[in-house]
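Chemist: Okay, these came from TrEMBL:
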- 42-467: domain 'Kinesin motor' (DOMAIN)
- G138, V139, T140, N141, A142, G143, K144, T145: ATP binding site (BINDING)
- 213-235: region 'Disordered' (REGION)
- 216-229: compositional bias 'Low complexity' (COMPBIAS)
- 519-540: region 'Disordered' (REGION)
Amino acid sequence: MMESCFHNKLESVEREMNVDDLRKDLSSEFHSQESYVEESEHLQVYLRIRPFTSAESENGESQDCVSIEPPDTVLLRAPRTSLSARLSDKSAPQTAQRFQFSQVFGPETSQREMFDGTVRSLVKEVLEGGNSLVFTYGVTNAGKTFTFLGPEANAGILPRSLNVIFNNVEGRVYNQMTIKPQRCREFTRLTKDQQSQEATSKRNLFRLLKEGDNQTSSISQTSSTSKTTLEGSALSDVEGTVTEDSFSLVVDAHTKFSVWVSFCEIYNENIHDLLEPIPNGALKRTTLRLSQDVKGNSFVKDLKWVQANNAEEAYKVMMLGKKNQSFASTKLNLLSSRSHSIFSVRILRIEDARIPRVNSISELTLCDLAGSERCAKTQNKGERLKEAGNINTSLMTLGKCINALRQSQQSKLPQHVPFRESKLTHYLQGFFCGRGKACMVVNVNQCASLYDETLNVLKFSAVAQKVVVLTTKTVPHLAAKRSARELSMIINNNADGKNLLGQRRRSSLVGWETSLEDVDEDVDREEEEESTTEDSVMEETMQEVEDDKFLIDKDAYENQLLSLSRY
């Protein structure tokens with residue numbers, strides 16, 4: 001009897017409360033701030049052929065080894081002195097090997113044409129909420145750094161990318177330091193003290209650039225003519241070349257963009273921040289650690305991110321990083337990169353209302369990979385030999401990963417991809433596994449003496465061209481959406497905290513915040529986890545004080561629904 005009455009009472013409450021209507025009314029509040037679009041395409045692989053120098057032409061290096069069939073095919077013929085020619089049948093006619101790319105750029109290609117044909121579309125992708133990776137590949141002295149950075153009067157893809165980004169967000173730059181990116185796709189709100197520290201750190205960084213002539217750097221021993229290439233392009237040299245590079249960005253009137261940049265290198269399998277000076281009394285830079293978030297995305301822990309409010313500030317960061325990068329002279333290249341450099345631009349799309357909200361976080365990562373080397377030709381010894389070994393090992397691991405990805409896509413059973421065998425591939429893993437689009441710019445030297453190295457590069461590129469990359473793009477909503485914290489607090493009765501459902505939701509929210517801990521390669525993380533938990537709880541407490549202004553009482557909300565249901 002009691003059970004029957006209990007059920008009858010529940011049915012009566014359900015008829016009065018109309019739970020379906022309640023769920024329907026709140027569905028729009030629970031709509032996520034971001035939607036995702038999945039796309040798949042082949043890895044874009046572009047080839048650029050370096051022109052001969054006058055010395056190379058005089059030494060007979062021009063033997064028509066490389067020829068182009070526009071717009072996407074290159075033919076490679078072996079010279080008489082190459083290893084493959086010596087091992088082949090002398091009586092057989094010489095045959096050319098054919099390689100196909102997304103597009104082939106000849107020796108006469110300008111820096112502007114190279115940028116428009118390769119990276120320009122990826123910059124637009126990043127401004128629209130996607131993630132993009134651009135990395136150069138090739139043997140030493142093939143023109144990778146020229147393509148990547150360019151000399152002072154002929155900007156490369158990195159300076160042009162920065163200029164196009166700021167050209168398109170002009171007038172919409174969020175220059176306050178209240179929100180800063182962290183980990184991969186996350187952000188943190190800075191206190192006033194933290195904002196002051198960020199501003200001081202930024203001023204000190206630019207002061208170091210002015211005092212660069214007095215700083216100890218790896219390029220101080222190079223000649224002034226070679227140094228010009230490293231210093232990058234002056235702002236005035238590229239400002240006038242990109243005035244037409246304005247994209248039709250669909251943004252809300254209150255949308256602004258906060259741009260942050262970082263610069264690091266992977267040298268001898270160690271990660272160094274190129275924006276941090278060498279500590280007093282130390283012989284080398286502090287080694288940073290590669291970590292992962294809960295979704296498996298890799299990031300460099302404690303890497304310095306600097307807010308750039310215009311292209312000039314971004315250039316200053318770039319130039320300081322290049323001055324701190326590891327360079328050395330080899331027989332083939334007077335100014336050879338001895339490390340893989342990684343320049344990242346992270347863009348926070350912010351709805352600048354009363355309480356600024358981050359709608360999406362996108363990233364453009366540009367990597368200038370060190371060139372593969374044959375020690376017999378570079379004549380490396382000692383430290384240069386060790387550097388070459390680490391460079392070749394990481395590039396070989398990159399090749400193994402590309403091959404494994406290709407085999408996995410051809411096989412019914414998934415293949416193991418050895419991303420963790422090197423710092424480089426571990427860092428770039430996310431871009432090959434759905435985090436964003438990837439573009440590979442291959443540079444080759446058409447000298448006859450480097451035919452065997454060029455052949456290996458082209459074979460690797462042919463495999464990379466067949467890899468299919470799954471891309472997940474974030475599409476931010478134009479209309480203002482409530483944050484997860486606001487939605488949780490609308491449902492919960494935070495007046496007295498007596499509601500059990502409210503307590504569970506609040507504990508669930510705190511648990512979610514504190515669960516986003518770094519998955520480090522090392523152990524002993526207890527102190528770090530405790531401090532992160534305290535920061536998360538403190539951040540939520542501060543946010544609750546601000547958001548309390550927008551709360552409605554839950555009982556009042558339910559009474560309103562009951563009143564409406566009676567009509």
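Each residue, glycine too, has its Cβ placed from N, Cα and C.
Bear in mind that the values here come from a model prediction, so they are computed numbers and not experimental data.
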Chemist: Since the record lists G138, G143 as binding-site residues, which of them has the fewest other Cβ atoms within 10 Å of its Cβ?
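Modeler: Sparsest of the binding-site residues G138, G143 by Cβ contacts within 10 Å: G143.
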Chemist: Among the binding-site residues V139, A142, which residue has the fewest other Cβ atoms within 10 Å of its own Cβ?
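Modeler: Counting other Cβ atoms within 10 Å of each of the binding-site residues V139, A142 gives the minimum at V139.
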Chemist: In three-state terms from DSSP, label G143 (ATP binding site) for me.
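Modeler: The three-state answer is coil.
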Chemist: Look up G138 (ATP binding site) in the DSSP assignment and report helix, strand or coil.
Modeler: coil
Chemist: Within 10 Å of the Cβ of T145 (ATP binding site), how many other Cβ atoms can be counted across all chains shown?
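Modeler: Excluding its own Cβ, the number within 10 Å is 26.
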Chemist: Enter the number of other CB atoms within 10 angstroms of the CB of N141 (ATP binding site).
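Modeler: Around N141 (ATP binding site), other Cβ atoms within 10 Å: 25.
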